[in-house]
Amino acid sequence: MSRAQLTRTGILRMALGGGGADPLLPAEGGGGRRAPFLLRALRIAVVVCLYWFTSIAMVFLNKYLLDSPSLRLDAPLFVTFFQCALTAALCLGLSLGAACGPPCPGLPALRLDPKVSRSVLPLSAVFIGMVTSNNLCLKHVGVAFYNVGRSLTTVFNVLLSYLLLKQTTSLYALLACGVIIGGFWLGVDQEGAEGTLSWTGIFFGILASLCVSLNAIYTKKVLPVVDGSIWRLTFYNNVNACVLFFPLMMLLGEFHTLYHFDKLGSPSFWGMMTLGGVFGFAIGYVTGLQIKFTSPLTHNVSGTAKACAQTVLAVICFEETKSFLWWTSNLMVLGGSFAYTWVKGLEMRKVQEDPNVKSSERNETGV
């Protein structure tokens with residue numbers, strides 16, 4: 001997943017997985033009656049296609065904004081800052097819309113509380129590292145290699161779960177992580193053999209994987225500060241990020257770059273920037289839809305298949321030629337991710353069905 005799938009996807013996925021209903025998601029059929037099979041299948045197909053389209057489009061849009069030869073804008077922090085500002089504005093707009101319309105308890109009135117903002121600040125720092133490193137990885141590597149470049153999130157999840165939470169991982173899950181690591185290193189080797197390797201992109205890809213894992217841990221800690229409201233957390237997170245981005249942009253000279261940017265007054269440029277921000281915000285919503293109408297396990301499988309389609313589409317669109325071993329590295333990463341998801345799904349189902357496991361332990365495993 002990209003800023004994508006990152007950009008607020010991890011937070012929304014945690015909230016939805018935690019059992020809280022999203023007020024923006026359509027409710028299931030009432031009265032205990034289930035929709036006909038064909039209707040349910042069609043609805044699921046539409047939701048999955050919507051997720052695929054939004055996620056893939058967001059990656060390609062961000063690649064254009066970050067590294068397009070025709071645009072020539074070397075200001076990745078500004079692109080990320082703009083998307084965070086737009087997300088905060090959209091959250092505020094949704095909140096005001098809910099206040100003017102029918103009551104919607106899941107969309108609370110948003111106001112900026114400095115005390116809450118300070119409490120969310122540690123998460124915001126990790127969040128900045130996550131979205132910035134994702135965008136910098138995408139800037140320095142091709143879209144085709146992007147999935148492999150930041151494929152170590154699962155590995156960091158296992159490592160941090162052991163180091164910080166003292167949670168062990170099964171042998172089969174560790175073997176799946178080994179396949180992912182092997183695919184990552186094979187991909188790096190093949191990128192180097194083809195002369196397209198960017199060690200800067202690899203560095204930011206690894207950093208992005210680490211930050212995604214840390215973001216999930218800090219989100220869990222900070223959610224009680226905002227009364228468990230994912231919308232309030234998203235709002236504070238992005239407002240804090242906007243404030244923190246200013247000194248970073250000044251330090252890296254991006255204001256000077258923007259001053260000399262020849263397309264700063266172009267409506268098409270701002271249209272693409274706005275579209276990228278809207279897709280970045282929308283990915284969290286469509287992720288929630290996919291989880292609601294399928295399951296977290298199916299969502300992860302769908303995400304893995306989407307990454308495969310995204311890679312193939314990028315190779316075709318950019319007219320690239322890749323070796324057999326390069327494709328093997330992608331298959332190893334995707335296969336390892338699928339295997340890990342499947343193993344963890346089976347383990348969670350076994351724990352949920354075991355009557356000897358306490359409910360608190362079931363909830364911890366689910367999270």
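A Cβ is built for glycine as well, from the same backbone N, Cα and C atoms used for every other residue.
The domain 'Sugar phosphate transporter' annotation in TrEMBL covers 43-340.
Look at TrEMBL and you will find 41-65 (among others) tagged as transmembrane segment. Here the transmembrane segment (41-65) has Cβ contacts under 8 Å with residues 1-5, 35, 71, 73, 79, 135, 138-139, 143, 146, 272-273, 275-276, 279-280, 282-283, 286-287, 289-290, 293-294, 302-303, 306, 309-310, 313-314, 317 of the same chain, all six or more residues outside its ends.
The feature transmembrane segment is assigned by TrEMBL to 77-99 (among others).
Marked as transmembrane segment by TrEMBL: 119-137 (among others). Sequence-distant neighbours of the transmembrane segment (119-137) (same chain, 6+ residues past either end, Cβ-Cβ under 8 Å): 2-4, 6-7, 10, 62, 66, 76-77, 79-80, 83-84, 146, 149-150, 200-201, 204-205, 207-208, 211-212, 214-215, 218-219, 221-222, 225-226, 233, 236-237, 240-241, 244-245, 248.
Annotation comment: TrEMBL describes 144-165 (among others) as transmembrane segment.
Here TrEMBL flags 171-188 (among others) as transmembrane segment.
Sequence annotations record features per position, and here TrEMBL assigns transmembrane segment to 200-218 (among others). Through the fold, the transmembrane segment (200-218) approaches residues 6, 10-11, 14, 122-123, 126-127, 129-130, 133-134, 136-137, 139-141, 145-146, 149-153, 155-157, 159-160, 164-165, 188 of its own chain, all at least 6 residues removed from its boundaries and within a Cβ separation under 8 Å.
Summarising the annotation, TrEMBL assigns transmembrane segment to 238-257 (among others).
According to TrEMBL, the feature transmembrane segment maps to 269-291 (among others).
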### Message
Considering only Cβ pairs within less than 8 angstroms, which of the stretches 171-188, 238-257, 269-291 has the most against the transmembrane segment (144-165)?
### Response
171-188
### Message
Let me check one thing: do the transmembrane segment (269-291) and the transmembrane segment (77-99) come into contact, meaning three or more Cβ pairs under 8 Å with sequence separation of at least 6?
### Response
yes
#### Entry: Beyond the flanks of the transmembrane segment (77-99) by 6 or more, those residues with Cβ under 8 Å of it
3, 7-8, 23-24, 62, 65-66, 107-110, 131-132, 135, 231, 234-235, 238-239, 241-242, 245-246, 248-249, 252, 254, 257-258, 273-274, 276-278, 280-281
